Amino acid sequence: MEESSVTVGTIDVSYLPSSSEYSLGRCKHTSEDWVDCGFKPTFFRSATLKWKESLMSRKRPFVGRCCYSCTPQSWERFFNPSIPSLGLRNVIYINETHTRHRGWLARRLSYILFVQERDVHKGMFATSVTENVLSSSRVQEAIAEVAAELNPDGSAQQQSKAIQKVKRKARKILQEMVATVSPGMIRLTGWVLLKLFNSFFWNIQIHKGQLEMVKAATETNLPLLFLPVHRSHIDYLLLTFILFCHNIKAPYIASGNNLNIPVFSTLIHKLGGFFIRRRLDETPDGRKDILYRALLHGHVVELLRQQQFLEIFLEGTRSRSGKTSCARAGLLSVVVDTLSSNTIPDILVIPVGISYDRIIEGHYNGEQLGKPKKNESLWSVARGVIRMLRKNYGYVRVDFAQPFSLKEYLEGQSQKPVSAPLSLEQALLPAILPSRPNDVADEHQDLSSNESRNPADEAFRRRLIANLAEHILFTASKSCAIMSTHIVACLLLYRHRQGIHLSTLVEDFFVMKEEVLARDFDLGFSGNSEDVVMHAIQLLGNCVTITHTSRKDEFFITPSTTVPSVFELNFYSNGVLHVFIMEAIIACSIYAVLNKRCSGGSAGGLGNLISQEQLVRKAASLCYLLSNEGTISLPCQTFYQVCHETVGKFIQYGILTVAEQDDQEDVSPGLAEQQWDKKLPELNWRSDEEDEDSDFGEEQRDCYLKVSQSKEHQQFITFLQRLLGPLLEAYSSAAIFVHNFSGPVPESEYLQKLHRYLITRTERNVAVYAESATYCLVKNAVKMFKDIGVFKETKQKRVSVLELSSTFLPQCNRQKLLEYILSFVVL
């Protein structure tokens with residue numbers, strides 16, 4: 001039942017004392033100076049843990065630096081060596097020292113004095129937006145085109161009436177779209193949020209050095225583009241509140257029109273929010289609404305021209321899985337087009353990471369169980385506020401990444417000799433169906449020499465914007481601090497699913513915390529490990545069962561096994577998945593390669609040897625398979641490169657060791673491996689810029705590796721494999737379900753049937769991981785099958801219809817798809 005602590009063994013142990021920016025066992029309202037609150041843990045710390053915490057606590061990493069490869073000039077800009085040492089600040093801790101006044105009355109009125117002294121006035125914000133947008137050339141052309149469609153053969157008088165009608169429609173759309181920022185409303189909301197946030201959050205932490213970089217960026221008189229991850233509805237208010245507290249003007253926030261509800265919509269407009277449709281193609285016949293697109297484009301251009309700040313959520317909607325979702329770059333493309341048209345000199349891009357101990361929504365179990373999303377209403381907002389006031393949601397951490405120049409990024413990308421990326425079908429089909437002729441890859445083999453690098457080329461423009469969006473989301477996700485609830489939920493699901501004594505859980509929590517810091521991710525908590533664990537368990541609530549044992553002052557902690565509870569734990573556990581995802585991919589690939597070697601008849605000690613090249617290729621193919629689960633790596637790196645680097649880390653950890661030369665000479669690839677190697681060099685998984693002297697040289701590719709058999713390393717590999725267990729089980733179950741496919745069938749209907757199948761597996765205890773039945777994984781699996789060519793998608797009366805492609809009509813090919821996915825699944 002009890003397992004030893006998770007560790008990777010020989011990681012660099014140059015530990016440094018950590019700064020005590022904030023601690024869970026201390027007062028909520030303190031800032032730089034902390035005072036003990038007398039919180040006592042429920043059991044005594046062991047001497048071993050005391051020794052570890054005093055000697056092994058790492059220094060916090062500084063997160064959010066921009067990409068040196070893509071934006072080398074921005075890397076040096078706004079940053080100086082003293083910034084990381086500025087430390088953290090609790091934004092909602094306000095007293096008279098944060099105002100110009102002192103004394104008893106100032107202490108009583110500190111919130112009012114603070115918001116009154118903030119620098120916010122009408123002159124900061126955009127003016128005459130509606131008239132300027134309506135008079136822009138693009139909008140005028142769209143109005144004329146729509147009017148011509150309404151009255152194709154009419155007289156000049158009728159045409160004039162049609163134009164006036166379209167103009168009235170355009171003005172009505174802009175009334176919903178254009179925000180009218182009110183400094184008074186911002187101040188009032190700032191005061192209200194200080195009260196509310198102090199009621200249901202312990203604190204909201206920001207890094208003072210990061211805010212210094214943002215302030216420096218505001219002094220350039222360039223538009224700023226804030227691009228946060230999207231976890232909760234509070235995200236909309238959080239950024240505006242933090243910037244207001246630091247005398248930075250509020251950004252204009254792109255909000256979905258589902259929030260356009262009475263009273264609440266007026267508040268959002270006054271705070272800088274503007275509503276946009278979730279789908280731009282909303283004409284009755286399904287065509288592009290050119291008028292709406294022109295107005296949206298003109299609105300964004302006008303805001304940027306007036307040097308306003310924008311806030312866009314690239315994910316489009318709140319993440320229901322706890323992972324950062326894939327980017328939707330629609331509005332970002334408007335920003336890129338504005339810069340490309342030389343309307344403004346440059347735009348500074350700021351990715352933002354946001355982490356919650358517990359989101360105010362609590363969970364998204366209803367939607368993950370397949371229930372339709374409830375429409376927002378004034379009543380639902382009021383109920384949400386009342387519910388929030390009854391609970392405490394712990395800690396919030398907001399991280400602003402280093403601003404980088406969008407102009408520098410775009411110019412750099414247009415000069416890079418990078419070939420067109422492979423589609424998922426081109427990348428994965430040779431691995432799934434190795435006997436199939438690889439005609440598709442051959443057609444694109446020499447694409448790098450003929451490909452247009454002109455930003456005016458539509459295909460290149462789309463890829464450029466998609467890569468930019470992935471780059472931003474990867475940086476924002478990398479900046480997200482890991483919260484205590486993330487680590488505890490992860491340990492309970494994938495380390496101690498059958499339960500664990502609290503003392504052992506605390507030990508494992510401490511070790512995992514150190515592993516997170518070792519990978520250059522920051523933590524959203526500090527303090528004694530047992531205090532932090534108890535804090536997390538309290539926030540996880542009914543998802544965790546606590547049982548008193550016969551041992552004095554000891555408790556047994558068990559994760560709840562009900563489907564909603566497992567879904568909720570998985571949501572919070574996914575907050576730490578991106579820290580270990582590449583290592584988890586390598587761990588599953590090790591299993592796949594060893595399993596294939598064993599099934600191929602290898603025996604004895606040589607059967608444990610792995611070709612490094614084969615392992616890297618296997619891992620790269622798994623990266624492609626999981627690419628719909630979020631941004632796995634920076635787009636300026638190939639999957640091959642990232643996997644190769646991660647294998648190098650495994651060698652550094654001691655999990656993999658390079659085999660002796662005598663052993664390597666005794667190993668020769670089997671026939672299947674030779675065919676695999678012949679096929680894959682045609683695929684551009686490696687960068688064209690690699691040279692013979694790089695780490696990817698032939699001497700590296702030819703080496704063989706041994707897997708460490710130490711208990712410590714084997715347990716860590718098992719932990720990593722379990723992290724991907726729910727994803728791989730969902731994908732393999734979807735592949736099983738494809739065997740009985742009878743189509744064509746509407747995609748929505750197929751999603752419901754597949755989801756019902758996965759839920760049934762869970763209810764009957766067939767599933768190893770109950771969380772494999774979440775609706776998010778169902779959608780991602782079906783999307784992956786469309787991307788790799790299992791399904792063909794057609795539109796019938798604006799409804800997406802699925803049918804099997806000719807490649808996967810034979811049952812044998814569907815079986816190979818299943819076998820390919822199962823090769824990574826550790827039973």
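Using N, Cα and C of the backbone, Cβ positions are placed for all residues, glycine too.
These come from Swiss-Prot:
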- Arg278, Arg279, Lys288, Arg293, Arg328, Arg462: CoA binding site (BINDING)
- 88-118: intramembrane segment (INTRAMEM)
- Ser380: phosphoserine (MOD_RES)
- Ser687: phosphoserine (MOD_RES)
- Ser694: phosphoserine (MOD_RES)
- Lys779: N6-acetyllysine (MOD_RES)
- Lys783: N6-acetyllysine (MOD_RES)
- 80-120: region 'Important for mitochondrial localization' (REGION)
- 230-235: motif 'HXXXXD motif' (MOTIF)
- 1-87: topological domain 'Cytoplasmic' (TOPO_DOM)
- 119-827: topological domain 'Cytoplasmic' (TOPO_DOM)
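This view paints the features noted in Swiss-Prot onto the structure.
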residue: Arg278; record: CoA binding site; Cβ contacts under 8 Å, 6 or more apart: Gly256, Asn257, Asn258, Gly316, Thr317
residue: Arg279; record: CoA binding site; Cβ contacts under 8 Å, 6 or more apart: none
residue: Arg328; record: CoA binding site; Cβ contacts under 8 Å, 6 or more apart: Leu314, Glu315, Gly316, Ala469
residue: Ser380; record: phosphoserine; Cβ contacts under 8 Å, 6 or more apart: Lys374
residue: Arg462; record: CoA binding site; Cβ contacts under 8 Å, 6 or more apart: none
residue: Lys779; record: N6-acetyllysine; Cβ contacts under 8 Å, 6 or more apart: Leu751
residue: Lys783; record: N6-acetyllysine; Cβ contacts under 8 Å, 6 or more apart: Asn628
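Around the Cβ of Lys288 (CoA binding site), the number of neighbouring Cβ atoms within 10 Å comes to 11. In the shown protein chains, 17 other C-beta atoms lie within 10 A of the C-beta of Arg293 (CoA binding site).
Secondary structure at Lys288 (CoA binding site), taken from DSSP and collapsed to helix, strand or coil, is coil. The DSSP breakdown of the motif 'HXXXXD motif' (230-235), given as helix, strand and coil counts, is 1 helix, 0 strand, 5 coil. Here the region 'Important for mitochondrial localization' (80-120) has, by DSSP, the following mix of helix, strand and coil residues: 19 helix, 3 strand, 19 coil. Taking every pair among Arg278, Arg279, Lys288, Arg293, Arg328, Arg462, the residues listed as contacting CoA, the largest Cα to Cα separation comes to 20 Å. DSSP gives Arg279 (CoA binding site) a coil state; it is part of no helix or strand.
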